[in-house]
Amino acid sequence: MFRQEQPLAEGSFAPMGSLQPEAGNASWNGTEAPGGGARATPYSLQVTLTLVCLAGLLMLFTVFGNVLVIIAVFTSRALKAPQNLFLVSLASADILVATLVIPFSLANEVMGYWYFGKAWCEIYLALDVLFCTSSIVHLCAISLDRYWSITQAIEYNLKRTPRRIKAIIVTVWVISAVISFPPLISIEKKAGGGGQQPAEPRCEINDQKWYVISSCIGSFFAPCLIMILVYVRIYQIAKRRTRVPPSRRGPDAAAALPGGAERRPNGLGPERGVGRVGAEAEPLPVQLNGAPGEPAPAGPRDADGLDLEESSSSEHAERPPGPRRSERGPRAKSKARASQVKPGDSLPRRGPGAPGPGAPATGAGEERGGVAKASRWRGRQNREKRFTFVLAVVIGVFVVCWFPFFFTYTLTAVGCSVPPTLFKFFFWFGYCNSSLNPVIYTIFNHDFRRAFKKILCRGDRKRIV
């Protein structure tokens, strides 16, 4: 795949031959001093300690943050949606980078040569490419998942099961392995240094131009292009739906309603049996003291459009409508009396038991149950939007972190010269991406923030939601 002429690649894609320093440069070709003394090191003691401390903090923060993400997804009810398994797999890849790749890249950097032998050199290079590639292929799969959940809301969400998501994750890792395996076929070991000096341990990998370019395209540029196009399309769909009034939206917009139900021409709710699979469509709320056709305001439990009992992107198939347990008995009767329509309301008065036009009669408790379910749906839709935004930020940060490295590496493949210091900076800047996703989740996602707080503050006995 990529050939490293320095003592060894510092990561996923080893530096090209164009970055090879001249022979005898101690920064890259330190050898035994005359008389069997110690090898020269690339950096001074102060610089070495600084690099070790910074890389150590990066590794600790990466492992800690991504372990929190995994625990949060498996323990928080608000994060148990099947598609969050993508985030678990992505976090696992970042943890593996911090534990199996960065430590050896750091040792190679500060020592100036490869110390760990031929076998681990092969494994190290393959794992480095594997984990980096899997990260971007994960993000590509996540972006496609978001696109399908928006454009095929009913059909796709019925198919979005944990088993299906796990199958996609396995496919992601297989694709990544296919990309990272070929370098093992052409890895060679060569001696460094010149003259009669003892050879320095080196680990070199395929540096053929066609392979370098094709690997960069397959590992970064092609998935990146797919993600950008998909999110542009998602943005266009969201913008179009925002501009079109609800009463004029077509079938695509209707798919965003609970169960894919369409609103009746009179604006009072959906027609039953429309767009449902195996269950009746559920009634949409009606504003009792406001403009007709507008949803009723959410209760205290649904403040900020957030239903704490539902997952961030839970399945869109609702339970059939019916009275809620909490509304049976005397309490339900008192609620029914309190919810009677008053003069001036947007709904016409009806006699007891008189069914509305085009819909069977419902009691006050059942009507309130429909309002609550529609409110939960609004909360779920709001979470879908926030989740899509968070993933867009994750993808954007990944591109910002890794694009400089892949761009400069592609330049080296076509013969352009890149300063070694700049090249190494871009590579380590890419490593930093592994630690940033937990920070992004904390800043932009309310559910992750609550889950992290619960995990870190065990004194709070409130249920994780």
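Including glycine, each Cβ sits where the backbone N, Cα and C put it.
Given the structure is predicted, the values throughout are model-derived calculations rather than measurements.
The membrane topology recorded in Swiss-Prot places Pro82 on the side opposite to Pro201. Residue-level annotations in Swiss-Prot identify, among Cys416, Cys457, Cys457 as S-palmitoyl cysteine.
Mean per-residue pLDDT, taken over the topological domain 'Extracellular' (112-121), amounts to 85.
In the topological domain 'Extracellular' (112-121), helix, strand and coil residues by DSSP number 5 helix, 0 strand, 5 coil.
Residue counts for the topological domain 'Cytoplasmic' (75-85) under DSSP, helix first, then strand, then coil, are 8 helix, 0 strand, 3 coil. At the 8 Å Cβ threshold, with sequence separation of at least 6, the transmembrane segment (122-144) lacks contact with the transmembrane segment (49-74), having fewer than 3 such pairs.
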